[in-house]
Amino acid sequence: MSKPHLLIVEARFYDDMADALLEGAKFALEEAGATYDVITVPGALEIPAAIAMALDGADNDGTEYDGFVALGMVIRGETYHFDIVSNESSRALMDLAVSESLPIGNGILTVENDEQAWARVRRSDKDKGGFAARAALTMIELKKKLGG
């Protein structure tokens, strides 16, 4: 059986936090023996579009991925923008997962402040990057088990 090959799509709006999320995801995938590619997008709203582009590329003889890991950070500010980015990025990932039967680990974090963010991105703490990667691996296995 071949190793799963995943695409990590990371939003780099908060570089230091993105580094920590990516570190956790890479560690989890390497520990599981999976292979991966990493692409970067400007923010969380662009992550679902990048996954859709990867699907289109696979349809045109590009790289085919067994699953996807979405990594990003949305920190509440003073405007309604937080709600839009949080809700729409999650909705778009769910739409892709359901309509395309895609294994996606959602590591787009929505937090109130930097303290909450750091507690979630560090591998030594909540390791949400690793959690998202392991979720994607679990969904890949479920898809195989169900005949997908």
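Yeah, the Cβs are placed from backbone N, Cα and C, and that goes for glycine too.
Under the three-state DSSP scheme, Ile75 (5-amino-6-(D-ribitylamino)uracil binding site) falls in the strand class. Long-range Cβ contacts of Ile75 (5-amino-6-(D-ribitylamino)uracil binding site) within its own chain (separation 6+, distance under 8 Å): Tyr14, Phe82, Val111, Glu112, Asn113, Asp114, Ala117. Residues annotated as 5-amino-6-(D-ribitylamino)uracil binding site in Swiss-Prot, with sequence analysis given as evidence: Phe13, Ala44, Leu45, Glu46, Met73, Val74, Ile75, Asn106.
Residues annotated as (2S)-2-hydroxy-3-oxobutyl phosphate binding site in Swiss-Prot: Glu78, Thr79, Arg120.
Look at Swiss-Prot and you will find His81 tagged as active site, proton donor, backed by sequence analysis. Cβ neighbours of His81 (active site, proton donor) (same chain, under 8 Å, six or more residues apart in sequence): none.
Using a 10 Å Cβ-Cβ cutoff, Glu46 (5-amino-6-(D-ribitylamino)uracil binding site) registers 18 neighbours. Sequence-distant contacts of Ala44 (5-amino-6-(D-ribitylamino)uracil binding site), defined as residues of its own chain at least six apart whose C-beta falls under 8 angstroms from its C-beta, comprise Ala11, Phe13, Gly72, Met73, Val74, Val85, Ser86, Ser89, Ile108. Just so you know, the Cβ of Phe13 (5-amino-6-(D-ribitylamino)uracil binding site) picks up 18 other Cβ atoms within 10 Å once every protein chain is counted. Distance from the CA of Leu45 (5-amino-6-(D-ribitylamino)uracil binding site) to the CA of Thr79 ((2S)-2-hydroxy-3-oxobutyl phosphate binding site) is 16 Å.
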